[in-house]
Every structure is written in C-alpha cells, then in structure tokens.
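Annotated in Swiss-Prot:
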type	residues	note
DOMAIN	113-321	domain 'ATP-grasp'
BINDING	K148, Q195, E196, F197, I198, E199, N200, P201, G202, R203, D204, R220	ATP binding site
BINDING	D265, E294	Mg(2+) 1 binding site
BINDING	D265, E294	Mn(2+) 1 binding site
REGION	274-293	region 'Disordered'
BINDING	E294, N296	Mn(2+) 2 binding site
BINDING	E294, N296	Mg(2+) 2 binding site
Amino acid sequence: MKKIGIAITDPEDWTARALITAAKEKGFFPFILDLRIAEVSISSKTSEPATLFKAGEILLSDLDALIVRDVGAGAFEGVSFRFDILRELEAGGVTVMNSPEAIQNAANKYHASYLLARAGLPVPETVAVQSVEAALRAASGFGDAVIKPVFGYKGKDIARVKDGEIRFSDRKTGPGTVEEILEKLLEERGMLYIQEFIENPGRDIRAFVVGGKAIGAIYRKAAAGSWVNNLSRGGSADRCVLAEEQKEIAEKAALAVGTTFAGIDIIEGAKAQTGNENKKTEDKSTGQGSRILEVNGTPSGKGIFDAWGINPAEYILEYLQNIL
C-alpha cells in the first residue's frame, strides 16, 4: 500500500478532510501531518541517516507522495524552512503535489503575472514599483487601479484607487491622502503591485484545474456594496459553465505556473452576460475580454463542491494514483 502524506494546518478544513477521505477510497494509507512541527536532523555519522525528516512521529522521507493542502503561515525563516523541506523531499524521490516551486510561483502574484504573460495569456495591465512617485503615475494612468499585497490571500488588504480616494477590501475609505497611504503601504511592503481595475458584472470565475484539465468552475459574486468577489470576504458561489476559450486559458495558466492542481481566478469584463449560459471571451484587444487574475496553488474545493457536487479531491487522488 502506497503511503502518502497530506500536509494540513486545520483538521476541520473541508478540503483537508476531502483529501483524507479520497486517499482512503483510492487505497492509499494517508498520514496526516503539519509542516509547522516538522524537524530535520543532519548528521555525518555513518551509523545514522545523513538527513532525517520528521513531522511528529512521521518519517517524511518514507512517504511515496505528499499532497500539500497548506504549508502554514508564519515568519519568513519558518516558511522558507518548510519549503526547503519540501524541495529536499522532492529531490529524495518523494512526489510532492503541488511542487514547492509551483506553490511559490502561484503565491507570488507579481511573479505569477510575469509567468502568465510570458506564456501569452491575457492578464490585467500590471505595474510593479518601488517608489510612491511611480505608484501615483501608475494609478493615475489606469484611472481605476487595484493594489494587492504580493503574498496576500482571501482578498485581504486589497486597495482600490479611484477618484482621488483609496478604498480597502473592507469597504472603508483609507485615512489620509492617496500619497500618504501609498507611502505607508510602500514602507510596509517594500514594493507595490498595481493592476488596472477591470469593470465586470459584479463577479469573477474560479476554475478548478487538475492534471491539465478544467474539471469545473463557479462564479464568485461580490457581497452587496463590495467590489471584492472572494467567498471569504462575504461573496457567494453559483454554477458557471466555462466557454471553451476560458477553459483553455485556465488550463494553460495552471501549466504556466507549474501546478498539478490549481484554482484559476478569471475576470470576464463588463460586457459579459449575467446568466449561467456559455459565454464567449471577447477579443483581447477590446480591453473587455476574459483575463487571468490569479492562480491559487493550494485551493479550497468547497465552493465547487457546494455548487456542482464536484469533489476536486477525488480528481487529485486519481491523478496521483495514475502517476505513482
């Protein structure tokens, strides 16, 4: 029986539980572990392994595969250490899904935008800067701009700059002038990641891709009065049938970032239809076509399961079963 680890941080998380159940159903022996308690021993004694990787009582190097649901937040050195462990396990022959490189590619919004654009995929116009002057120029040039933390998640700490004001994702207007707020953000982050705001019908799309194939999608609709569509920010989910063009760019986005499974966030543009019907992606040159917003390398499967009854965990474990 193949031994697989499932790295989680919240035992009650829907996706974590779904992965554990699917692993058992596929005949795997799942080891549930938390990378935040992982330890590594390095020795030059011939009587001991050169390197010993443990998480609690689990010997990580004995695993056939490791599925990463969550690495866990924390200080820079701690998070970097966990990714080092994943890289070293991978080098030692453990199949890691998603790979540490892919998770980091997806988590870094700036680098993900670069990879997506390099692959010829449509993305919002984007500027990354390290000065307030450059940030003001970018925001002014876009007219309506969004500033996101490069390593943000769940729609937190997103700011929209429009008409001389900054509104944050909690819908409050930022205190101080735009310049003062940008100075504060730059001091905190060291750089600013700025995108044009894409006018849209009050929703975006989360497509789930496994093994290079889009298995389903949902609309994420913003809460009343909000401009942020994340479910974690009060948004709601509904069924979405992807147009062929949207399916194609979602699958290519997962490949461009290096993910085996991923949540691909797509924004449609203001002219999109507002039903659940198949939509056509408009010509990229019009500025109103579908664009890739982000790639999530550790996505939740709950939204698509609630909307469609599609369980991404089953697809992930089936893919893993086929490659081991």
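Using N, Cα and C of the backbone, Cβ positions are placed for all residues, glycine too.
Shown here: features listed in Swiss-Prot, placed on the structure.
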residue	record	Cβ neighbours (10 Å)
K148	ATP binding site	21
E196	ATP binding site	20
I198	ATP binding site	20
N200	ATP binding site	19
G202	ATP binding site	14
D204	ATP binding site	25
D265	Mg(2+) 1 binding site	21
E294	Mg(2+) 1 binding site	24
N296	Mn(2+) 2 binding site	20
Recorded ATP site residues K148, Q195, E196, F197, I198, E199, N200, P201, G202, R203, D204, R220, farthest C-alpha pair in Å
21
If you measure between the CA atoms of D204 (ATP binding site) and D265 (Mg(2+) 1 binding site) and round to the nearest Å, you get 7
According to DSSP, folded down to helix, strand and coil, what is K148 (ATP binding site)?
strand
Smallest Cα-Cα separation from D265 (Mg(2+) 1 binding site) among the binding-site residues K148, I198, N296 is shown by N296
